[in-house]
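Q: Mind having a look at this structure? Questions to follow.
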């Protein structure tokens, strides 16, 4: 089987390469970008039955404040104490928000109510906030569209000199975090590709040899993104910005590894005097099962994320598994075809090994074979030293720290911290429901 696959790739190398190029090209032209699909089909960050979602919806319904758990805040901050001009801006803006029934579920005006105004106005009189409930679950496409609509209304309202308006809160925090990932994804992917290219060139000391796994990775990533986007558009599974970013990382890492395995075995056979065609068959026969076993193991493990409760993790399972499987197929078909085509022109061949380098690796092998236990202990000690930074790792769910300080959500929190006690917008609220009117407790 493996020899036949290598023979087909060698005999029809141009056809195989052409099919992959056409598949990647058609996917790019006919299927919407994966990032676009993630934005319009995103689902909630937390499951609908999460206690915090249930409690928030119940509180909103019981206090006649809307049933949505997508909580946000409109924060107004001025360089001077808020006066009549700021009050007029506040009232006009809230009137526009209340009129937007598509993007706003409810508006709770705390500043205009004499009972709540002291709590909603800062001690220095320079800041105030309003509670906004927007439709959609946190992180879902509907919630993100609603947030964009509200921010457009706020940005379009002319403000008095020195007054700044921010829309922040839990909903805005999740939306801005995902937007940050989206904006940085292209940069991270490009940096990763450059690093991989430099490492491959350093290892093979040949630009042609380095380009072979890079071309395989690029076409595999293009095809995988199109498959994920198409299935996401059909709602076969959920797709998020996080899953698209992780998909790219998985394909880049996995397909590059598979390429190194196959090229390494091909070079080894060529150094042993085996012909180009036979060396390709030997490489496919010996490394092919390893690639399949490795890819399917990783894909199966990633698929288990489908059972996660947190939407961001759940959405990464099947898209990343598809990416790994696509990388596997590309490594077993496209990669041998590229090697075969390059080999016909005497390219991608192993360099003559340096005698000193060969002796050095032979000594290392001899040491491992002669003293396996001491070498195992020494290796474990080196790994332990390299892992020491992990001891300083602090796990948590601080979504504000996961994004730049310049995001709109973070700027809103910073404005609140300048005028209010810490954590004013993110309190822990306890809801108590009884069988009698709490204004008339028994025994009073």
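Here the Cβ of each residue, glycine as well, is placed from N, Cα and C on the backbone.
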Q: Which is it, of 12-31, 32-51, that TrEMBL names as transmembrane segment?
A: 12-31
Q: Looking at 118-140, 141-163, 210-232, which one is transmembrane segment according to TrEMBL?
A: 210-232
Q: Choose the correct range: of 165-184, 185-204, 405-424, which one does TrEMBL annotate as transmembrane segment? Give that range.
A: 185-204
Q: Could you give the number of helix, strand and coil residues in the domain 'SSD' (210-341) as assigned by DSSP?
A: 116 helix, 0 strand, 16 coil
Q: Count, for each of 12-31, 244-266, 286-308, 320-347, 367-390, the Cβ pairs lying under 8 Å from the transmembrane segment (210-232), and report the range with the highest count.
A: 320-347
Q: Could you name the stretch, out of 244-266, 320-347, 367-390, with the greatest number of CB pairs under 8 A to the transmembrane segment (286-308)?
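A: So the stretch in question is 320-347.
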Q: Can you tell me which parts of the same chain pack against the transmembrane segment (12-31), counting only residues 6+ beyond its ends and a CB-CB cutoff under 8 A?
A: 218-219, 222-223, 225-227, 229-230, 233, 330, 333-334, 337-338, 340-341, 344
Q: Using a Cβ cut-off of under 8 Å, list the residues of the same chain at least 6 residues beyond the transmembrane segment (244-266) that approach it.
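A: Cβ under 8 Å, 6 or more out: 34-35, 38, 181, 185, 188-189, 192-193, 196, 200, 203-204, 209, 212-213, 216-217, 220-221, 224-225, 228, 279-280, 282-284, 286-288, 290-291, 294-295, 298, 302, 316, 319-320, 322-324, 326-328, 330-331, 335-336, 339, 348.
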